[in-house]
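Step one of this worksheet: look at the structure below.
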Amino acid sequence: MWHAKTSRRNALAGIASCDRGVQLSRGLWLLALLTVSATVCHARGRPSPEASSQSAAFQWTDSQWGRVLLMKDYNTRIVIFGVAVLGGASGLVGSFTLLRKRALMGDALSHASLPGIAIAFIAANWFGGDEKSLPWLLVGATASGLLGVAVILVIRNQTRLKEDAALGIVLSVFFGAGVALLGVIQQMDTGHAAGLEGFIYGKTASMRAADARLIAITSLIVIAGCLFLFKELKLLCFDEGFAGAQGFPVIALDAGLMTMVVLVTIVGLQAVGLVLMIALLVIPAAAARFWTETMWRMMLWAAVLGTGGSIVGGLVSALFPGLPSGAMIVLVCSVFFFVSMMLGTRRGVIIRLIRRMRLNRRIDRQHLLRAMYEQLEKSSGGPDHPGLAERTNRRISVSLDKLLSMRSWSRRRLSRAIERAVEDELLRIQDGACKLTQAGFTEAARLTRQHRLWEMYLIAYADVATANVDRDADKIEHVLAPEVIDQLEDLLDEQGMTIPVPQSPHGPLGTGETLGTGETLDGQGVDADGYAGSERQRDASGGPQ
Amino acid sequence: MTGEPLVAWIGQMLPLGFSWSWGLDGWIVVIGSLAAVASSLLGNFLVLRKMSMLGDAITHAVLPGIAVAFLLTQTRSSPAMFVGAVIVGLLTAVFTEWIRGAGGVDEGASMGVVFTSLFALGLVILVQTADAVDLDPNCVLYGSIELTPLDTVSVGGRDVPRAAVVLAVVTVVNALFVLLFFKELRLTSFDPALATTMGFSSKWMHYGLMILVSVTAVACFESVGSILVVAMFIVPAAAAYMLTDRLGVMIAISVALAIVSAVLGHVLALSVPAWMGYRSTTTSGMIAVAAGGLFFAAATLGPRHGVLVKLVRRQLLSLRILCDDIVASLFRGEELEQPPPTATWLAGELFASNWSMKTALAMLRRRGEVADQDDRLQLTHVGRERGQRLVRSHRLWEQYLVDRAGSGAERIHDQAERFEHFTDRNLRDELAKETDTPVEDPHGRPIPDES
């Protein structure tokens, strides 16, 4: 067993040390290697009867914790090995189904396998075979699962119903048929259907070596399949239409992917039960999505989380005898999910809050500086004396109330923005009024220039009315890249419009009233929601590459 | 009961081979129909909102609610468990929505995360509660509709099954909800953003719907089994969706289908096993199967969206177009004074399969538009007129596309080829007027007169 442990550690270390340039294949081959080595070690490490009795006597002094953590119990070892491999494989295929927006495929499939099991049982009974032989029931379950997948695909592709309805219809109708068939089986004189529901509800804690071996073989097939078809499946997940246009056999690929899901689901189903199987297909993949935007990394994360969750859950349930292992694995996985959802480095809730807060702060600062600049411009004689403005306006101070009246921002928000600007030495406060520093003035001039360049562009090229242009420019000025500014300058240059800081298109800024109304109007369009929306859009569009 | 002779008579007329008693089977059908109607009323909105799997998720997720209620009251008393289950059912919807919104996870996945976690939690609580073995998770999943008539309460001096009373109340509440908030539900299901701008809170409608969904799910699976409620949330509504484009009609159809599948399901549960020499089987399973059968019928034979109907319609259209193409190319051959072609040669020319060519020719012969002249095809007088109309449409379109739409002469043929099949007399006259009644098309061929 130590071989298994060290090799697993090696594999994990190898996975962890993968840097950016390493192909997916390396990580996945490692995973496959892990499965193989674990299988081999598991086979080698099986104790003979006398050895086990000896070791039982020898280890009597070991504490329960030591026994469990070192996996000295044959039973614990098998259960943990089985669920760990299953967790890894279902994490892999789960990533694909999640991205295909079919996360509940496993749910539908595991319910859809019931009639197949019942029919296999009846058929075996009919022909006088052993009606509870596992391979026979597995064949029935797989056939019925595949039929379910076919029906789902037909409903989705041929009718106007969506994915979710197709899954629900197959789930309920197939399961209903299975329940009805079980009702008949219960009346058969030879057959005892008692074990058949167990096939669906699982028996994680009493998993046998044969189950574990079956899981390992199936997982190997599925991992190899994912690896072999990685590029094609990735394309299928992200752009089905493009994949079709490129000449990939989209329907065949989809069917292949679903066949792998069926294999994992059916094999896992009889070993660990319906709910754990659904959880292993959905939760690790969904948790992995928070950590990365890259497909192969997501698959690795999902496999690692699935394996890890299974091992931890299995160990916890072995340590505390009252806890059912299947349920513990699900709960550990959901803890992983919750932690990932909160702390995930790419799409986690906290990181997104921070990102949004940073964006809002930047926007507040830019609004503050531009408001300052516009006030200075006004009080230093306006556009009629541009030179004068350049020379004098930095020294003029603007009161807080004046700034407050320029936009629809709260006093608290404004004073926070001012505080932060003072910290960065863009502003100074003198006698309760704000004054720009040299750096602040340069920055303010640059921002105002950007805003007005965009306004002028909108007027000249997009035919936006002068009254609306300020609001439109306000939305985009914060995200203008330097190259775009260059292009804008070039474009406006052709029209002979370049000025160091171009004039506001809203006419001369001489009278305070016109400015006041204009600014209030534009302030309304700029609440935090507008930016939150744009950020959300970016989030949505930026899937893993 | 007065109905028994009638059913006995029906039983004699149709050799269904089962026995029926109104006291038992009558109530089963009534209870099944009530559960089906209550679920399918709300199911319409679940299907339209792409939340079909919610019923399944809730029936699995309520386990911790039941477990905690059991832990607190130490009885299997129905009301406490009912309340616990409804609360957790609602939590399922709330958590799903939260994970979807805050975490940006897609609906199905967040549902999967929530209900598996809740189920596992419930299982752990159950196992921790000693001697709770009688609360087997299986009995949560298989309520049994066959036993409902035995558990009665007295209503107005008559013994009525408790399940019938509960489900009747739920059905009435759901029906009132759908009737009173029909406009709001429609708006929020199809366009939540528009609904919000018009002053309806789509959020409140969503949670109102979710409360009723979890109440319905719990009430139904507690009395008749989870499979029935999961199926009835989705299948009748999906079948109705295949049959109509109007929401009101869709709801009405789904209710009718729900009742039909409840009745049919029970009859099947009694009769099908009897044919094979067994006693009856599970009614709720058979109701789901019956609903599946109705869905299959609707999905294949639905007048507008049915798969088979669409297929047939497409085949007929392509046959008509092939007929048009045959007649038009025969006409062009005559125009160029070529010898009449054989059917095989024409099939190769039009890229038509052997089978469709045969069908098209049979159709043309029957209409008397094409005649055979020693295995060569020739137009009759009627056929020639049709060909003339088609070729006129084609060349007028070509002229129009060059003249008015400014298309290049090399691209117009394909477009005109498509338009010619859908151009009638009025449109031809209009085209001729627009292009100043030309006599030649852009390729220099004569445009035939209107026959």
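Yeah, the Cβs are placed from backbone N, Cα and C, and that goes for glycine too.
For reference, TrEMBL has these:
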- B:380-449: domain 'Iron dependent repressor metal binding and dimerisation' (DOMAIN)
- B:423-451: region 'Disordered' (REGION)
- B:26-47: transmembrane segment (TRANSMEM)
- B:54-73: transmembrane segment (TRANSMEM)
- B:79-99: transmembrane segment (TRANSMEM)
- B:111-130: transmembrane segment (TRANSMEM)
- B:163-182: transmembrane segment (TRANSMEM)
- B:207-235: transmembrane segment (TRANSMEM)
- B:247-272: transmembrane segment (TRANSMEM)
- B:284-302: transmembrane segment (TRANSMEM)
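Here the transmembrane segment (B:111-130) sits apart from the transmembrane segment (B:26-47); fewer than 3 CB pairs are under 8 Å, leaving out pairs fewer than 6 apart in sequence. Among the stretches B:54-73, B:163-182, B:247-272, the one making the largest number of Cβ pairs under 8 Å with the transmembrane segment (B:26-47) is B:247-272. Outside the transmembrane segment (B:247-272) by six or more residues, the chain places 16-20, 25, 28-29, 32-33, 35-37, 39-41, 43-44, 48, 178, 182, 186, 189, 232, 235-237, 239-241, 280-291, 293-294, 298 with a CB less than 8 A from a CB of the stretch. Among the recorded stretches B:79-99, B:163-182, B:207-235, the one sharing the largest number of Cβ pairs closer than 8 Å with the transmembrane segment (B:54-73) is B:79-99. Remote same-chain residues near the transmembrane segment (B:207-235) are listed as 31-32, 35-36, 38-40, 42-43, 45-47, 52, 54-56, 58-59, 62, 78, 81-82, 85-86, 89-90, 92-94, 140-145, 148, 162-163, 166-167, 170, 173-174, 177, 181, 185, 258, 261, 284-285, 287-288, 291-292, 294-295 (criterion: CB distance under 8 Å, separation of at least six residues from the stretch ends). Across the domain 'Iron dependent repressor metal binding and dimerisation' (B:380-449), DSSP helix (H, G, I), strand (E, B) and coil residues number 44 helix, 2 strand, 24 coil. Mean predicted confidence for the domain 'Iron dependent repressor metal binding and dimerisation' (B:380-449): the pLDDT average there is 83.
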